[in-house]
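Note sheet for the following structure.
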Amino acid sequence: MRKSMISFLEKKAKNEKITMVSAYDYHSARILDNSDIDIILVGDSLAMTVLGMQDTLSVTMDEMLIFTKAVSRGAKKSFVLADMPFMSYQSSDRDAILNASRFIKESHANGVKVEGGIEIASKIKLISQSGIPVVAHLGLTPQAVNMLGGYRVQGKDLQSAQKIIDDAKAVQDAGACMLVLECVPVKLAQKISSILEIPTIGIGSGKYCDGQVLVYHDLLGLNKDFKAKFVKHFDKIDPQVGVEKYRDEVKSGIFPSQEHSFDYLDDELLDKLY
């Protein structure tokens, strides 16, 4: 049976961790599906990981659709989530709905992910009202890397931390059914996870999120040129073993440890957030 957003809400209620992995092809999707990974994210990170681009901004809708089709063919139980690429939803309501629907109709994805907060809440509402599950993404949002000044931890001071909380509330109110928090301080992610009714998925955001996500190539140590602080290599000899180790460590709370997290907020500052 295909996993669903309802089942992920139930996991949050039961305090059971959700596992997500970014992958881009049929073979890796089969491994993840057989390893009982909850969600396979066809991330726009494929622009850098697979296509050798410098950032995620150049990948197109047509390219994302091709890779999503491949993953959908390999995933029988895992929920397939597709990243909407840069400017495929920001430009207009019409583009947002039409492009989201293409992922469902043409690539057989089960939902879509978008980056941003209050500024795209109206797009989230339109897509979700059309019957498509929407996952939001806050913190370090790679599509806004030029505005953020690079790939840096977000929410390190009172103003920026409060902005992320306000955005999180806004996307939930707009109809998002899950939220990815990338590279925010552990205590901020913990506070957001406690405030929201929808599940949070962390990457570089600590162990208190309702689930975790890593890129398939990163958790297996396949990219020797990249090793972010939040990445842990599990096993590059046997992908199935590596994925299952990742799954088990997420579910048991072993991963991520403090070693793979960022913490810039003290308790005094945290108490001022609402």
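Note that Cβ sites are derived from N, Cα and C of the backbone, with glycine treated the same way.
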Site co-member for Mg(2+) according to Swiss-Prot, given Asp83, Glu115, out of Asp36, Asp38, Asp44, Asp157: Asp44
Pairwise Cα distance maximum in Å, 3-methyl-2-oxobutanoate-binding residues per record: Asp44, Ser45, Asp83, Lys113: 12
Additional residues surrounding Mg(2+), by Cβ distance to the Asp44, Asp83, Glu115 centre under 8 Å: Gly43, Ser45, Thr56, Met84, Pro85, Phe86, Lys113, Val114, His137, Pro142, Gln143
Asp83 (3-methyl-2-oxobutanoate binding site): tally of other CB atoms within 10 A of its CB: 29
